[in-house]
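Here's the structure we're looking at; comments come further down.
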Protein chains: 2
Amino acid sequence: MAGRQGGHHIACTGLSAFPLTPMRDDAVDERAFAAQVARVAASGVDSIGALGSTGVYPYLSRAERARVARVTVEHADGVPVIVGVGSLRTSHVLEHVDDAVEAGAAAVLLPAMSYHPLTDDDVIGLVETVAAHSPAPVIVYDNPGTTHITFTQELYARVARVPGVVSIKIPGVPTEPAAAREHVATIRGAVSEDVTIGVSGDPFATAGLAAGCDAWYSVIAGTVPEVAVRLARPALAGNAAEADAENARLAPLWQLFTEMGGSIRVIAAIAELLGIAEQPCLPLPIRGLDGEQRRRVAAVLETLDHAAEPDRDE
Amino acid sequence: MAGRQGGHHIACTGLSAFPLTPMRDDAVDERAFAAQVARVAASGVDSIGALGSTGVYPYLSRAERARVARVTVEHADGVPVIVGVGSLRTSHVLEHVDDAVEAGAAAVLLPAMSYHPLTDDDVIGLVETVAAHSPAPVIVYDNPGTTHITFTQELYARVARVPGVVSIKIPGVPTEPAAAREHVATIRGAVSEDVTIGVSGDPFATAGLAAGCDAWYSVIAGTVPEVAVRLARPALAGNAAEADAENARLAPLWQLFTEMGGSIRVIAAIAELLGIAEQPCLPLPIRGLDGEQRRRVAAVLETLDHAAEPDRDE
């Protein structure tokens, strides 16, 4: 089943942009989302990932998620679309797969969501069931900070052997170059050649790509894509000096991610400050940044050379 | 809003039994569940908690959860029913509250579920919104192993001040008596007098009740209620010697909980072995115990003096 595809070919390499799903009055702000997808698609990214963690997939109903998948494909202008299909219950994941494929997804992104802790056998059972069901290729998503599953090298190797799995989205790598190379080489050694490895955790992207990752599954590319493109192009071309220089320029942004408990609230504040989303744009109970934290994000945003323009007309 | 009640008075003290919600062919096995609720209600517990963590609430759809709440009240024979209303999104929690109250819940149980980590202010905002909305009193559920929220003493104090909150369900206390007393006394000191403190994590129940907890929110009481009643009665009456003796008899069961990653798989295996539920009864991707682990549960079950009888007629 490996190599089966949705509406558009996807290689699971290069720069993949994961936009926020902005909320407005406890509903998806489809107009703001569609405009942002179009903006991202025009920026030169290699794929667009709807309903990733920043896309707040686990907070949305099935109907909302199906609609977000459709809106993404409609506004992606031919750029391949990845759709997140995670859920706590396997049968619900299969429903999300059906909706994603119906929408025209080129691949589905499968996190191992957990409430009660899952065993490795549980995770393998989930991946096997989803990959056997899905006509679209499967990207397995390792995000221990949200799903609370710890992928070992052995588990990477097992999921990579499941027919239909084409990529693994790994969390941050060590930022020290030699340690990053060893980390990625270990995963590469465990995972079959036709499965790509994509780094996530934007502060680790430069180190991950330099260390041999095939893709950068990027949060900032979903909101300020031109900033991500400027980092990704030299990094993917092996131009380490230029990539390192771009990465160094973004250090204040990475620092905000660390201080504010991850990227989600920082990205939401940036989207709100740029007028890409209404304030507040996160689903409750998650409150956005305000006061001093918001002012600090605004100050860092001033230093980024982004192309986004306010899109509000009220 | 404190003191508002559902269909039956509830004091949030004593022994509260949290049954499994058994699945069968990816649907709730209503017949098995109803029979088990009736069995628990007849055992002498003080309340029944539907849709707790063992009740697999986050894996179920809104319709399934509403139905489970109704079935519980219908078969509880007047025993007050607590219904779990947790969800990642505040608006979904409010829908579950509406369904629980409509079903006749005497109280609602509110976990602070998280995917993206929540701040203390997020948690307080959630509790305030739910308590203001709910005509039934609210029990706040602290379960860091599944929700990944760490309640500090300060957060306990803040949630206990929210009007409508009547109890806090805390995770395990230290098993050493003096340490347990200090732990519970610290929480007691932070929490207003009219809010009860209930211990969960069955291996810690004896220590928690001896240390001054008002309630035991019990998993085993939902599946082998007579075993829990035999431990709870002396413990709640302050008969430490008898409670300790009962607790010591259950040490092999507590050991299984530790070894098998928590109580859920052990309890599911017990329910299956007793014929209370069909095998497999957990929602996928969670696989039940098999092979040697299942044999070990069966061996421990042999040592428990339980009253359950097989209830299958196929």
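The backbone N, Cα and C atoms fix where each Cβ goes, and this holds for glycine too.
The shown structure was predicted, so the numbers you read here are calculated from the model rather than taken from an experiment.
In sequence order, A:Gly52, A:Gly84, A:Gly86, A:Leu109, A:Leu110, A:Pro111, A:Ala112, A:Thr147, A:Lys169 make up the list of same-chain residues 6 or more apart from A:Tyr141 (active site, proton donor/acceptor) whose Cβ falls under 8 Å from its Cβ. Annotated active site, proton donor/acceptor per TrEMBL: A:Tyr141, in sequence order.
A:Lys169 (active site, schiff-base intermediate with substrate) falls within a strand when secondary structure is assigned with DSSP. Residues or ranges marked as active site, schiff-base intermediate with substrate by TrEMBL: A:Lys169.
Annotated pyruvate binding site per TrEMBL: A:Thr54, in sequence order. Counting every protein chain shown, the number of other Cβ atoms lying within 10 Å of the Cβ of A:Thr54 (pyruvate binding site) is 24.
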For A:Tyr141 (active site, proton donor/acceptor), what is the secondary structure by DSSP, using just helix, strand and coil?
strand
